[in-house]
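Engineer: Mind having a look at this structure? Questions to follow.
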């Protein structure tokens, strides 16, 4: 599905004027604000645009509970060895804390967890392994002399074996031992990355039994974990049960909605946040731009960008500009995104983002043009895939895919299938069940989108090729093997095709089962023939 729109083709006259006025502002924004390209600066610079926070808050001046807050920096991810993108331990300018109650201190060499009573602190060593620093007070970790040691648990976590890690901490609890919070947060992150919902529920129980309801940071991590698992309902239950919330709490639930294809709910949550008298920060606006991109509502996003600096006095940083390029280009507004990038001072982040997204939408000419600009600005950004005209695969995506494979333990079955292969008896059974279901689909209006079958074959063969797509067999297999009315989950590492998207909606409606389908783009929540993406992904 390619969305390539002409410049301003979907904008009304009023919106065109607003759009033109906004670009006029942006064309000189970098110069007027004294903004510099962060790639040209000191990599250890702690200025607000470098760390992603704006409006003068960089966390370097604020003190809480006797500890000075550090600028927003993080240690290496214990699994990938790279800077983590999760938000479990962010502190920035105290976004994760309820003022005066809870303190987190993080820098590039260690991660410390400070309990609310200021008595016990936890951290990680340089290799990402949690360690305990006892200063009296509460202890969440006891000496353990069972079959598995803490070192073994850390090793299992580093290998991404989520199920095994959860089994170990469950067995320890049965023996009367409790795992410390840093390790629980670590495992929670792994559950979210691996989309291991059942294990996530166990970790949720462990965390809540270790902290009080007032520990906002812990509950924020649970929301983020459920967001990664695609369980909006569980994340929302946690959110609604919290007596107190901070900026990161609201940010997390907005991100959860957007990440799961529910952009309108994300915008509604943002409106509720403001109605309750809260003031957003620069980080929250990035989530709003993401939600508007999910909705494909460029005008809504531009209005929020306008309000960011006019109503709240937040000075845009490069991360905001990159978010705007994504908001415009991901729905297919490539001409508008190009105009936006051209209005700014040349910046490799903007051109690289547009290069990748234009190639995703099949605009190879624009992609090559952006590649030339990236090469001029910083040739080191181009890897082998980029130079070949492909969209580079992020190392973080490879790590997550590895975690998802490792999350499958002994209680998971594996079916070997190829398109159209019914040589195995179990595959033949699935094929016949799916064929029967297809007849019901046709009765309620299903028409195969044969244009998506690219092989040069006759019409019947094209329809059959679409019929044999693997996610349909995954659906029918899960339907036959699970209890009635239970939720069906289908995870895929490729973008779902439009025909399968239509088919899965109808299949879900016919069998009366809610379906959560995860493709390379986003989560699709399907129920009663309607998808949360609203036919846009």
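The backbone N, Cα and C atoms fix where each Cβ goes, and this holds for glycine too.
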Engineer: Given the ranges 381-411, 412-442, which one is assigned the annotation region 'Type E(+) motif' in Swiss-Prot?
Structural biologist: 412-442
Engineer: Checking feature assignment: region 'Disordered' per Swiss-Prot, candidates 41-76, 77-112, 113-148, 149-184. Which range matches?
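Structural biologist: From Swiss-Prot, the annotated region 'Disordered' range turns out to be 113-148.
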Engineer: Within the repeat 'PPR 1' (145-179), count helix residues (DSSP H, G, I), strand residues (E, B) and coil residues, in that order.
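Structural biologist: Going through the repeat 'PPR 1' (145-179) residue by residue, I get 22 helix, 0 strand, 13 coil.
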Engineer: Grab the pLDDT values for the repeat 'PPR 4' (250-280) and give me their mean, rounded.
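Structural biologist: In the predicted model, the repeat 'PPR 4' (250-280) has a mean pLDDT of 94.
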